[in-house]
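Peer 1: Swiss-Prot lists these features:
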type	residues	note
TRANSMEM	9-29	transmembrane segment
TRANSMEM	60-80	transmembrane segment
TRANSMEM	96-116	transmembrane segment
TRANSMEM	117-137	transmembrane segment
TRANSMEM	149-169	transmembrane segment
TRANSMEM	191-211	transmembrane segment
TRANSMEM	244-264	transmembrane segment
TRANSMEM	278-298	transmembrane segment
TRANSMEM	306-326	transmembrane segment
Amino acid sequence: MNGRVQPRLMLGFLLILLVILALGSANMGALSLSFRTLWNTSTNDAMWHIWLNIRLPRVLLAVVVGCALAVSGTIMQGLFRNPLADPGLLGISSGAALCVGLIIVMPFSLPPLLALYSHMVGAFIGSLAISTIIFTLSRWGHGNLARLLLAGIAINALCGAAVGVLTYISDDQQLRQFSLWSMGSLGQAQWSTLLVASSLILPTCILGLLQARQLNLLQLGDEEAHYLGVNVRQAKLRLLLLSAILIGAAVAVSGVIGFIGLVVPHLIRMRIGADHRWLLPGAALGGACLLLTADTLARTLVAPAEMPVGLLTSLLGGPYFLWLILRQREQRSG
């Protein structure tokens, strides 16, 4: 098929691109840092502190969160057998955001590390609850895409209204924290944040990669997958749980960053095909590259100020989503 490339070549290209982007991103920002400057500077200098304790954790967190969002999106699209099944569009990210918002506006404060864990638990509970609702509605509607998207829109609206109530009752400090977090930002990246997020996201991504065969068989339909030896109910519940963990961990540390789970899997699928043995690792690398690029632009476009990275991904993903809908409509009419 035109435009297709060998999966191994694509994965190799994405890996090299990710390394280049990571090295470039670590040196870019309000203060430009080159490796030559760092080499000629004492390790006690402020430049080393900026690079080691601010830039590097943020770059690595962008890679980890990008992997989580893209792998989660790939799993959801495979689970629902539709390329429009994105965690953000279906309201899963909104559910996670609502639970974290409830924790932010609690009348008592928590120690930083305990607060991070509570955010992750809340985001996981919210994403799992909405995922279960969406999955149930999908079964009731026999997989009808229109009903699924309408359900996602309704859930997004309900969660958005609840978030609005939380915003209204929050004080100034809570409002500032919640507003920045709800637009998506990696500005709070620290080594402790990276360690906690990585300890959840990386093992879950590996477990997701191990589900590639089940995802491939589920594309044939539930009955066919069952005849080929797949316990369909357990496989779907397992995939739903993995996706909820990934979304919960990502939302807890970075806020709501949309459209990566929609755009990246579709782009990778167009290049290497729908075999999840290659699609899942390709999406992980592609998601890391895209979020790292968006975060670098967020730090540099209006330096020394900073844009929420979620705004940039939405500016990219919104038009792409409209194009995808029009493209599917043309394919049906053709």
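Yeah, the Cβs are placed from backbone N, Cα and C, and that goes for glycine too.
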Peer 1: Would you confirm whether the transmembrane segment (117-137) and the transmembrane segment (244-264) meet the contact rule of 3 or more C-beta pairs below 8 angstroms, pairs 6 or more apart in sequence?
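Peer 2: Yes, the stretches contact each other.
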Peer 1: Looking at 9-29, 191-211, 278-298, which one has the highest count of Cβ pairs under 8 angstroms to the transmembrane segment (60-80)?
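Peer 2: Per the Cβ under 8 Å count, 278-298.
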Peer 1: Counting Cβ pairs closer than 8 Å, which of 9-29, 191-211, 244-264, 278-298 has the most of them with the transmembrane segment (306-326)?
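Peer 2: Selected stretch: 244-264, with the most Cβ pairs under 8 Å.
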Peer 1: Sequence-remote contacts (6 or more beyond its ends) of the transmembrane segment (278-298), Cβ cut-off under 8 Å?
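Peer 2: Hits for the transmembrane segment (278-298): 7, 10-11, 14-15, 17-18, 21-22, 24-25, 28, 58-59, 62-71, 73-75, 185-186, 205, 208-209, 212, 215, 257, 260-261, 263-265, 267-269, 271-272, 306-309, 311-313, 316.
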